[in-house]
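Q: Please find one structure pasted underneath; my questions will follow.
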(Lines of atoms letter the chains of each structure in order from A and count residues from 1; the text may use other names and numbers.)
(Lines give C-alpha, C1' and ligand atoms only; values in the text may rest on other atoms or scores of the structure.)
Protein backbone atom coordinates (compact mmCIF):
# COMPACT_ATOMS: atom_id res chain seq x y z
CA UNK A 1 0.00 0.00 0.00
CA UNK A 2 2.92 2.34 0.62
CA UNK A 3 3.62 2.51 -3.07
CA UNK A 4 0.12 3.68 -3.85
CA UNK A 5 0.47 6.79 -1.71
CA UNK A 6 2.94 8.25 -4.19
CA UNK A 7 1.53 11.02 -6.39
CA UNK A 8 2.32 11.30 -10.09
CA UNK A 9 2.58 14.91 -11.31
CA UNK A 10 1.35 15.47 -14.87
CA UNK A 11 2.24 18.73 -16.60
CA UNK A 12 -0.34 19.56 -19.29
CA UNK A 13 -4.06 18.83 -19.68
CA UNK A 14 -4.03 17.94 -23.36
CA UNK A 15 -4.98 14.58 -24.87
CA UNK A 16 -1.84 12.78 -23.67
CA UNK A 17 -1.95 14.20 -20.15
CA UNK A 18 -5.64 13.52 -19.61
CA UNK A 19 -5.41 9.99 -21.04
CA UNK A 20 -2.58 9.16 -18.66
CA UNK A 21 -4.40 10.74 -15.72
CA UNK A 22 -7.68 8.97 -16.44
CA UNK A 23 -6.06 5.54 -16.65
CA UNK A 24 -3.91 6.06 -13.55
CA UNK A 25 -6.98 7.27 -11.66
CA UNK A 26 -9.01 4.27 -12.82
CA UNK A 27 -6.25 2.07 -11.39
CA UNK A 28 -6.17 3.84 -8.04
CA UNK A 29 -2.85 5.64 -8.54
CA UNK A 30 -2.94 9.23 -7.18
CA UNK A 31 -2.05 11.90 -9.71
CA UNK A 32 -2.54 15.61 -10.30
CA UNK A 33 -2.72 17.35 -13.68
CA UNK A 34 -1.36 20.90 -13.88
CA UNK A 35 -2.44 23.14 -16.76
CA UNK A 36 -1.01 26.61 -17.46
CA UNK A 37 -4.15 27.90 -19.17
CA UNK A 38 -7.58 28.65 -17.73
CA UNK A 39 -10.53 26.19 -17.76
CA UNK A 40 -12.12 27.99 -20.72
CA UNK A 41 -9.14 27.20 -22.96
CA UNK A 42 -10.40 26.27 -26.39
CA UNK A 43 -8.96 24.00 -29.06
CA UNK A 44 -12.15 23.32 -30.90
CA UNK A 45 -10.68 22.12 -34.18
CA UNK A 46 -11.08 18.48 -35.20
CA UNK A 47 -8.47 15.76 -35.55
CA UNK A 48 -8.52 12.32 -37.16
CA UNK A 49 -8.44 9.34 -34.83
CA UNK A 50 -7.23 6.20 -36.56
CA UNK A 51 -8.19 2.70 -35.56
CA UNK A 52 -4.83 1.88 -33.98
CA UNK A 53 -5.25 4.88 -31.67
CA UNK A 54 -8.90 4.79 -30.69
CA UNK A 55 -9.14 0.99 -30.37
CA UNK A 56 -6.22 0.95 -27.91
CA UNK A 57 -7.86 3.68 -25.84
CA UNK A 58 -11.27 2.00 -25.81
CA UNK A 59 -9.70 -1.27 -24.69
CA UNK A 60 -7.76 0.43 -21.88
CA UNK A 61 -10.94 2.12 -20.66
CA UNK A 62 -12.62 -1.23 -20.13
CA UNK A 63 -13.50 -2.34 -23.66
CA UNK A 64 -15.85 0.54 -24.30
CA UNK A 65 -17.75 0.35 -27.61
CA UNK A 66 -16.75 2.62 -30.48
CA UNK A 67 -20.26 4.08 -30.39
CA UNK A 68 -19.51 5.59 -26.97
CA UNK A 69 -16.56 7.52 -28.39
CA UNK A 70 -18.46 8.61 -31.50
CA UNK A 71 -21.42 9.90 -29.50
CA UNK A 72 -19.06 11.93 -27.34
CA UNK A 73 -16.59 13.44 -29.81
CA UNK A 74 -17.76 13.34 -33.46
CA UNK A 75 -18.16 16.87 -34.89
CA UNK A 76 -21.58 15.91 -36.28
CA UNK A 77 -22.70 13.90 -33.23
CA UNK A 78 -25.59 16.26 -32.41
CA UNK A 79 -27.34 15.38 -35.67
CA UNK A 80 -26.61 11.66 -35.36
CA UNK A 81 -23.37 11.65 -37.38
CA UNK A 82 -20.39 9.36 -36.79
CA UNK A 83 -17.40 11.58 -37.55
CA UNK A 84 -16.98 9.76 -40.87
CA UNK A 85 -14.54 11.02 -43.53
CA UNK A 86 -14.25 9.83 -47.12
CA UNK A 87 -10.41 10.21 -47.20
CA UNK A 88 -10.71 11.61 -50.73
CA UNK A 89 -8.55 14.30 -52.34
CA UNK A 90 -10.04 16.78 -54.81
CA UNK A 91 -8.52 19.32 -57.18
CA UNK A 92 -9.24 22.65 -55.51
CA UNK A 93 -9.20 24.49 -58.85
CA UNK A 94 -11.75 22.28 -60.61
CA UNK A 95 -13.50 20.30 -57.87
CA UNK A 96 -12.50 17.09 -59.70
CA UNK A 97 -12.08 13.96 -57.59
CA UNK A 98 -8.41 12.93 -57.79
CA UNK A 99 -7.96 10.18 -55.22
CA UNK A 100 -10.70 8.13 -53.55
CA UNK A 101 -9.69 5.15 -51.38
CA UNK A 102 -11.50 1.93 -52.16
CA UNK A 103 -13.65 0.82 -49.25
CA UNK A 104 -12.75 -2.81 -48.53
CA UNK A 105 -14.75 -2.96 -45.30
CA UNK A 106 -17.87 -1.42 -43.87
CA UNK A 107 -16.03 -0.85 -40.58
CA UNK A 108 -15.23 2.79 -39.85
CA UNK A 109 -11.43 3.00 -39.52
CA UNK A 110 -11.06 6.77 -39.05
CA UNK A 111 -13.14 8.89 -36.68
CA UNK A 112 -13.07 12.67 -36.83
CA UNK A 113 -13.05 14.08 -33.30
CA UNK A 114 -13.58 17.57 -31.93
CA UNK A 115 -10.50 18.16 -29.79
CA UNK A 116 -12.33 19.89 -26.93
CA UNK A 117 -14.97 17.16 -26.86
CA UNK A 118 -12.30 14.44 -26.89
CA UNK A 119 -10.54 15.90 -23.86
CA UNK A 120 -13.83 16.11 -21.97
CA UNK A 121 -14.86 12.59 -22.97
CA UNK A 122 -11.56 11.14 -21.76
CA UNK A 123 -11.82 13.05 -18.48
CA UNK A 124 -15.35 11.69 -17.92
CA UNK A 125 -14.50 8.01 -18.55
CA UNK A 126 -14.33 6.92 -14.92
CA UNK A 127 -16.12 7.01 -11.60
CA UNK A 128 -13.62 9.32 -9.91
CA UNK A 129 -13.17 12.91 -11.09
CA UNK A 130 -9.72 13.89 -12.33
CA UNK A 131 -7.73 16.40 -10.28
CA UNK A 132 -6.89 19.10 -12.84
CA UNK A 133 -5.43 22.36 -11.54
CA UNK A 134 -5.61 25.24 -13.98
CA UNK A 135 -3.53 28.41 -13.88
CA UNK A 136 -0.38 26.48 -12.96
CA UNK A 137 2.45 27.44 -15.32
CA UNK A 138 5.55 25.38 -14.62
CA UNK A 139 8.70 27.23 -13.60
CA UNK A 140 11.12 24.40 -12.83
CA UNK A 141 11.51 20.83 -11.59
CA UNK A 142 13.76 19.65 -8.77
CA UNK A 143 14.79 16.28 -7.35
CA UNK A 144 14.89 12.79 -8.79
CA UNK A 145 12.67 9.78 -9.47
CA UNK A 146 10.70 8.86 -6.38
CA UNK A 147 11.11 12.31 -4.83
CA UNK A 148 10.63 15.09 -7.35
CA UNK A 149 9.16 18.58 -7.01
CA UNK A 150 7.35 20.79 -9.52
CA UNK A 151 7.60 24.53 -8.85
CA UNK A 152 5.08 26.85 -10.51
CA UNK A 153 5.09 30.56 -11.32
CA UNK A 154 2.22 31.14 -8.88
CA UNK A 155 4.62 30.01 -6.08
CA UNK A 156 2.88 26.65 -5.64
CA UNK A 157 5.08 23.59 -5.05
CA UNK A 158 4.09 19.94 -5.31
CA UNK A 159 6.13 16.87 -4.46
CA UNK A 160 5.63 13.57 -6.20
CA UNK A 161 7.21 10.38 -7.40
CA UNK A 162 7.38 11.14 -11.11
CA UNK A 163 6.78 14.04 -13.48
CA UNK A 164 5.04 13.29 -16.75
CA UNK A 165 5.77 15.98 -19.34
CA UNK A 166 2.59 16.37 -21.38
CA UNK A 167 3.17 20.07 -22.05
CA UNK A 168 3.37 20.07 -25.82
CA UNK A 169 5.80 20.97 -28.56
CA UNK A 170 7.24 23.90 -26.59
CA UNK A 171 7.60 21.81 -23.44
CA UNK A 172 8.92 23.70 -20.42
CA UNK A 173 9.93 20.41 -18.82
CA UNK A 174 11.93 19.33 -21.87
CA UNK A 175 13.64 22.70 -22.25
CA UNK A 176 14.90 22.39 -18.67
CA UNK A 177 16.04 18.78 -18.51
CA UNK A 178 17.01 18.35 -22.19
CA UNK A 179 17.89 21.86 -23.45
CA UNK A 180 19.62 20.44 -26.54
CA UNK A 181 16.34 18.92 -27.80
CA UNK A 182 14.60 21.74 -29.64
CA UNK A 183 11.67 21.68 -32.09
CA UNK A 184 12.60 21.56 -35.76
CA UNK A 185 10.75 24.10 -37.92
CA UNK A 186 9.34 22.66 -41.15
CA UNK A 187 9.74 25.10 -44.10
CA UNK A 188 6.03 25.37 -44.89
CA UNK A 189 3.43 28.12 -44.78
CA UNK A 190 0.34 27.25 -42.74
CA UNK A 191 -2.64 29.52 -42.03
CA UNK A 192 -5.75 28.37 -40.20
CA UNK A 193 -9.15 30.09 -40.32
CA UNK A 194 -12.33 29.55 -38.30
CA UNK A 195 -15.86 30.53 -39.35
CA UNK A 196 -19.53 29.64 -38.99
CA UNK A 197 -22.31 28.93 -41.49
CA UNK A 198 -26.02 28.34 -41.18
CA UNK A 199 -27.04 24.76 -41.98
CA UNK A 200 -28.84 26.10 -45.03
CA UNK A 201 -25.68 27.73 -46.39
CA UNK A 202 -23.59 24.67 -45.53
CA UNK A 203 -25.99 22.38 -47.38
CA UNK A 204 -25.93 24.74 -50.35
CA UNK A 205 -22.18 25.44 -50.63
CA UNK A 206 -20.32 22.46 -49.14
CA UNK A 207 -22.57 19.41 -48.84
CA UNK A 208 -22.78 18.84 -52.64
CA UNK A 209 -19.02 18.22 -52.62
CA UNK A 210 -18.44 16.67 -49.20
CA UNK A 211 -21.52 14.50 -48.84
CA UNK A 212 -21.50 13.20 -45.27
CA UNK A 213 -17.73 13.50 -44.89
CA UNK A 214 -16.53 15.69 -42.00
CA UNK A 215 -13.60 16.99 -44.04
CA UNK A 216 -13.29 18.14 -47.64
CA UNK A 217 -9.67 18.07 -48.76
CA UNK A 218 -8.64 20.24 -51.69
CA UNK A 219 -5.15 19.95 -53.17
CA UNK A 220 -3.49 22.25 -55.67
CA UNK A 221 -0.10 23.04 -57.15
CA UNK A 222 2.06 22.57 -54.02
CA UNK A 223 -0.68 23.92 -51.75
CA UNK A 224 -3.67 22.51 -49.85
CA UNK A 225 -7.02 23.95 -48.75
CA UNK A 226 -8.91 21.46 -46.54
CA UNK A 227 -12.29 22.46 -45.12
CA UNK A 228 -13.17 20.71 -41.87
CA UNK A 229 -16.26 20.52 -39.68
CA UNK A 230 -15.50 21.33 -36.03
CA UNK A 231 -19.03 21.15 -34.66
CA UNK A 232 -22.43 20.78 -36.30
CA UNK A 233 -25.90 21.42 -34.88
CA UNK A 234 -29.34 21.43 -36.48
CA UNK A 235 -29.04 25.14 -37.22
CA UNK A 236 -25.34 25.99 -37.57
CA UNK A 237 -21.99 24.54 -38.58
CA UNK A 238 -18.64 25.63 -37.13
CA UNK A 239 -15.86 25.01 -39.62
CA UNK A 240 -12.23 25.74 -40.22
CA UNK A 241 -10.01 25.95 -43.25
CA UNK A 242 -6.28 25.58 -43.72
CA UNK A 243 -4.06 27.05 -46.36
CA UNK A 244 -0.66 25.42 -46.50
CA UNK A 245 2.08 25.42 -49.10
CA UNK A 246 5.80 24.97 -49.51
CA UNK A 247 8.09 27.95 -48.99
CA UNK A 248 9.02 29.85 -52.15
CA UNK A 249 12.61 30.53 -53.10
CA UNK A 250 13.94 33.96 -52.21
CA UNK A 251 12.06 36.29 -49.88
CA UNK A 252 8.77 34.57 -49.04
CA UNK A 253 6.67 37.19 -47.25
CA UNK A 254 4.44 34.56 -45.64
CA UNK A 255 7.23 32.46 -44.15
CA UNK A 256 7.39 33.89 -40.64
CA UNK A 257 8.33 31.21 -38.12
CA UNK A 258 8.50 32.03 -34.41
CA UNK A 259 5.94 34.83 -34.53
CA UNK A 260 4.77 36.16 -31.13
CA UNK A 261 1.29 34.84 -30.28
CA UNK A 262 -0.45 38.18 -30.80
CA UNK A 263 1.27 38.76 -34.14
CA UNK A 264 0.22 35.27 -35.30
CA UNK A 265 -3.45 36.36 -35.05
CA UNK A 266 -3.03 39.20 -37.55
CA UNK A 267 -3.81 38.73 -41.24
CA UNK A 268 -0.88 39.87 -43.39
CA UNK A 269 -1.61 41.70 -46.64
CA UNK A 270 0.50 39.15 -48.50
CA UNK A 271 -1.93 36.38 -47.47
CA UNK A 272 -4.95 38.40 -48.61
CA UNK A 273 -3.36 39.00 -51.99
CA UNK A 274 -2.22 35.41 -52.39
CA UNK A 275 -5.60 33.89 -51.61
CA UNK A 276 -7.23 36.37 -53.98
CA UNK A 277 -5.05 35.12 -56.83
CA UNK A 278 -5.59 31.37 -56.34
CA UNK A 279 -8.54 30.96 -58.75
CA UNK A 280 -10.17 28.27 -56.61
CA UNK A 281 -13.26 26.27 -57.49
CA UNK A 282 -16.32 25.96 -55.31
CA UNK A 283 -16.66 25.52 -52.43
CA UNK A 284 -13.17 26.71 -51.48
CA UNK A 285 -13.52 29.99 -53.37
CA UNK A 286 -16.41 31.02 -51.11
CA UNK A 287 -14.25 31.02 -47.98
CA UNK A 288 -10.60 31.44 -48.94
CA UNK A 289 -10.92 34.91 -50.42
CA UNK A 290 -10.07 38.47 -49.28
CA UNK A 291 -13.66 39.39 -48.40
CA UNK A 292 -14.38 36.29 -46.30
CA UNK A 293 -11.19 36.74 -44.29
CA UNK A 294 -12.67 39.86 -42.71
CA UNK A 295 -15.19 37.77 -40.76
CA UNK A 296 -12.95 34.79 -39.96
CA UNK A 297 -10.62 34.19 -37.03
CA UNK A 298 -7.28 33.57 -38.73
CA UNK A 299 -4.10 32.21 -37.17
CA UNK A 300 -0.57 31.68 -38.43
CA UNK A 301 0.68 28.23 -37.45
CA UNK A 302 4.36 27.37 -37.43
CA UNK A 303 4.76 23.70 -38.31
CA UNK A 304 7.28 21.99 -36.04
CA UNK A 305 8.36 18.48 -35.23
CA UNK A 306 10.31 17.09 -32.29
CA UNK A 307 12.77 14.22 -32.42
CA UNK A 308 14.31 12.71 -29.30
CA UNK A 309 17.02 10.07 -29.10
CA UNK A 310 16.52 7.04 -26.91
CA UNK A 311 19.52 8.08 -24.81
CA UNK A 312 17.96 11.51 -24.18
CA UNK A 313 14.65 9.95 -23.19
CA UNK A 314 16.34 7.52 -20.81
CA UNK A 315 18.54 10.27 -19.37
CA UNK A 316 15.46 12.30 -18.47
CA UNK A 317 13.84 9.16 -17.05
CA UNK A 318 16.72 8.73 -14.63
CA UNK A 319 15.87 12.20 -13.30
CA UNK A 320 12.24 11.27 -12.77
CA UNK A 321 10.91 12.81 -16.01
CA UNK A 322 8.96 10.92 -18.65
CA UNK A 323 7.53 12.37 -21.87
CA UNK A 324 4.17 11.86 -23.56
CA UNK A 325 2.53 13.50 -26.58
CA UNK A 326 3.97 16.41 -28.52
CA UNK A 327 6.61 17.09 -25.88
CA UNK A 328 8.73 14.36 -27.45
CA UNK A 329 7.17 13.48 -30.82
CA UNK A 330 5.46 16.57 -32.26
CA UNK A 331 4.54 16.07 -35.90
CA UNK A 332 2.68 18.02 -38.62
CA UNK A 333 -1.06 18.40 -38.00
CA UNK A 334 -2.23 17.84 -41.58
CA UNK A 335 -1.45 14.25 -42.50
CA UNK A 336 0.05 13.62 -39.07
CA UNK A 337 -0.64 11.01 -36.43
CA UNK A 338 0.13 13.06 -33.32
CA UNK A 339 -3.20 12.71 -31.52
CA UNK A 340 -3.20 8.96 -32.02
CA UNK A 341 0.28 8.53 -30.59
CA UNK A 342 -0.66 10.78 -27.68
CA UNK A 343 -3.39 8.26 -26.86
CA UNK A 344 -0.97 5.34 -27.19
CA UNK A 345 1.54 7.12 -24.94
CA UNK A 346 -1.05 7.56 -22.22
CA UNK A 347 -2.16 3.93 -22.41
CA UNK A 348 1.33 2.45 -22.56
CA UNK A 349 2.81 4.64 -19.82
CA UNK A 350 -0.08 4.06 -17.42
CA UNK A 351 0.17 0.31 -18.06
CA UNK A 352 3.90 0.40 -17.33
CA UNK A 353 3.35 2.32 -14.09
CA UNK A 354 0.55 0.02 -12.91
CA UNK A 355 2.65 -3.08 -13.66
CA UNK A 356 5.76 -1.69 -11.96
CA UNK A 357 3.87 -0.65 -8.84
CA UNK A 358 2.41 -4.13 -8.52
CA UNK A 359 5.90 -5.64 -8.45
CA UNK A 360 8.11 -6.18 -5.40
CA UNK A 361 11.11 -4.40 -6.90
CA UNK A 362 12.46 -1.34 -5.11
CA UNK A 363 13.38 0.72 -8.17
CA UNK A 364 9.91 0.45 -9.67
CA UNK A 365 9.72 4.01 -11.07
CA UNK A 366 12.83 3.48 -13.18
CA UNK A 367 11.47 0.10 -14.25
CA UNK A 368 8.21 1.72 -15.34
CA UNK A 369 9.97 4.38 -17.42
CA UNK A 370 12.31 1.84 -19.04
CA UNK A 371 9.40 -0.45 -19.88
CA UNK A 372 7.45 2.42 -21.46
CA UNK A 373 10.33 3.63 -23.63
CA UNK A 374 11.24 0.10 -24.75
CA UNK A 375 8.42 0.24 -27.30
CA UNK A 376 7.09 3.81 -27.28
CA UNK A 377 10.34 5.43 -28.41
CA UNK A 378 10.64 3.55 -31.72
CA UNK A 379 6.91 3.75 -32.40
CA UNK A 380 6.63 7.49 -31.88
CA UNK A 381 9.88 8.59 -33.52
CA UNK A 382 9.10 6.56 -36.64
CA UNK A 383 5.71 8.28 -36.72
CA UNK A 384 7.36 11.72 -36.70
CA UNK A 385 9.47 10.81 -39.74
CA UNK A 386 6.53 9.18 -41.53
CA UNK A 387 4.19 12.12 -40.88
CA UNK A 388 6.75 14.69 -42.00
CA UNK A 389 7.37 12.80 -45.24
CA UNK A 390 3.62 12.50 -45.83
CA UNK A 391 3.17 16.23 -45.19
CA UNK A 392 5.54 17.07 -48.04
CA UNK A 393 3.95 14.48 -50.34
CA UNK A 394 0.59 16.14 -49.78
CA UNK A 395 2.08 19.38 -51.13
CA UNK A 396 3.30 17.95 -54.43
CA UNK A 397 3.00 19.71 -57.84
CA UNK A 398 -0.36 19.70 -59.64
CA UNK A 399 1.12 17.62 -62.46
CA UNK A 400 1.88 14.84 -60.00
CA UNK A 401 -1.71 14.84 -58.73
CA UNK A 402 -3.03 14.63 -62.29
CA UNK A 403 -0.69 11.72 -63.02
CA UNK A 404 -1.86 9.89 -59.91
CA UNK A 405 -5.49 10.44 -60.89
CA UNK A 406 -4.85 9.19 -64.43
CA UNK A 407 -3.11 6.02 -63.21
CA UNK A 408 -6.03 5.41 -60.88
CA UNK A 409 -8.50 5.71 -63.77
CA UNK A 410 -6.53 3.23 -65.89
CA UNK A 411 -6.58 0.58 -63.19
CA UNK A 412 -10.30 0.81 -62.42
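Every residue, even glycine, has its Cβ placed from backbone N, Cα and C.
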Q: Report the candidate from 63, 326 that shares the FAD site with 35, 46, 119, 339, as recorded in Swiss-Prot.
A: 326
Q: Using residue 46 (FAD binding site) as the reference point, find which of the glycosylation sites 92, 159, 170, 231 has the shortest Cα-to-Cα distance to it.
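A: Of all the candidates listed, 231 is nearest in space.
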Q: Among 92, 119, 147, 170, all listed as recorded positions, which has the most CB atoms within 10 Å of its CB?
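A: Buried the deepest by this measure is 92.
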Q: Given a 10 Å Cβ-Cβ cut-off, pick out the one of the glycosylation sites 159, 231 that has the most other Cβ atoms nearby.
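A: Checking each of 159, 231, the winner is 231.
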Q: About how far apart, in whole Å, are the alpha carbons (Cα) of residue 339 (FAD binding site) and residue 231 (N-linked glycosylation site)?
A: 18
Q: Among all protein chains shown, how many Cβ atoms are found within 10 Å of the Cβ of residue 46 (FAD binding site), not counting that one?
A: 29
Q: Since the record lists 35, 326 as binding-site residues, which of them has the fewest other Cβ atoms within 10 Å of its Cβ?
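A: Minimum Cβ neighbour count within 10 Å, taken over the binding-site residues 35, 326, occurs at 35.
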Q: What does DSSP assign residue 159 (N-linked glycosylation site), in three states?
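A: SS state of residue 159 (N-linked glycosylation site) = strand.
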